[in-house]
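What TrEMBL says about this one:
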- HIS34, HIS89, ASP182, HIS186: Mn(2+) binding site (BINDING)
- 10-96: domain 'Manganese/iron superoxide dismutase N-terminal' (DOMAIN)
- 117-212: domain 'Manganese/iron superoxide dismutase C-terminal' (DOMAIN)
Amino acid sequence: MSQNNQTYPFPLLPLPYARDALSPNISEYTLYFHHEKHLKTYVDNLNKALKDYPEFQSWNLEELIVHNNLLPSAIQIPVQHNAGGVYNHNLYFYSMKSPSKPSMPPAQNTSQVTGNDFLNLINQTFGNFNEFKAKMKEAALQVFGSGYAWLVSNSRGELSIVTTANQDTPLTLGLIPLLPIDVWEHAYYLDYQNRRNDYIDEWFDLINWDFVYYLYNRQFQIY
């Protein structure tokens with residue numbers, strides 16, 4: 001899944017799994033509303049904002065986000081909010097898989113950074129995998145209101161964890177997004193109510209590490 005290939009009119013990407021595939025960690029009911037209602041609203045509003053500006057309809061999501069200041073002032077804010085909403089949600093949905101599949105380390109490709117390589121990188125950065133999980137959870141719990149916690153990479157391939165508010169993205173910080181957890185209430189409230197802590201614990205079992213490796217390798221054009 002490459003968001004660099006998407007331009008106006010932006011599509012609602014289908015989920016890469018059945019709607020019940022994340023159950024019981026995330027219910028089919030939650031996934032339906034999150035994808036078919038919330039994400040679709042961001043897609044529709046982004047297309048609406050760009051409808052009368054054909055000179056910017058060839059820009060992909062990353063260009064609209066990173067170069068937002070070059071847009072006409074009338075659409076800067078709606079494009080910032082909605083392009084970020086589409087970009088962040090697409091990464092969120094594609095970075096998950098069924099909890100019945102192995103979580104770590106799955107990749108066995110020969111020429112890329114694979115599961116064991118990436119696990120070593122996580123260990124070097126955070127101490128060990130459990131410490132990574134603890135730091136990721138701490139970051140996600142500290143997001144006040146709505147936003148995301150992210151595992152990111154810089155241009156040198158070094159990992160870190162950052163948070164963003166609302167639909168802001170790490171792209172504007174010069175970082176490469178690898179793994180987001182959405183902590184807007186609509187991501188979990190139907191299943192967990194106010195128990196964000198429990199939602200985060202269950203989310204760890206859904207991480208699609210193959211997709212994370214793909215994003216990491218893509219920045220070095222290995223994949």
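Backbone N, Cα and C atoms are what each Cβ position is placed from, and that goes for glycine too.
Remark: HIS186 (Mn(2+) binding site) has PHE33, HIS34, HIS38 as non-local neighbours, by Cβ distance under 8 Å and separation of at least 6 in sequence. Listed binding-site residues: HIS34, HIS89; maximum Cβ neighbour count within 10 Å falls on HIS89. If you take every residue in the domain 'Manganese/iron superoxide dismutase N-terminal' (10-96) and average the pLDDT, you get 98. Within the same chain, residues at least six positions away from ASP182 (Mn(2+) binding site) with a Cβ under 8 Å of its Cβ are ASN88, HIS89, TYR92, TYR148. Listed in chain order, the extra residues whose Cβ falls within 8 Å of the Cβ center of the Mn(2+) site residues HIS34, HIS89, ASP182, HIS186 are HIS35, HIS38, LEU39, TYR92, TRP184, ALA187.
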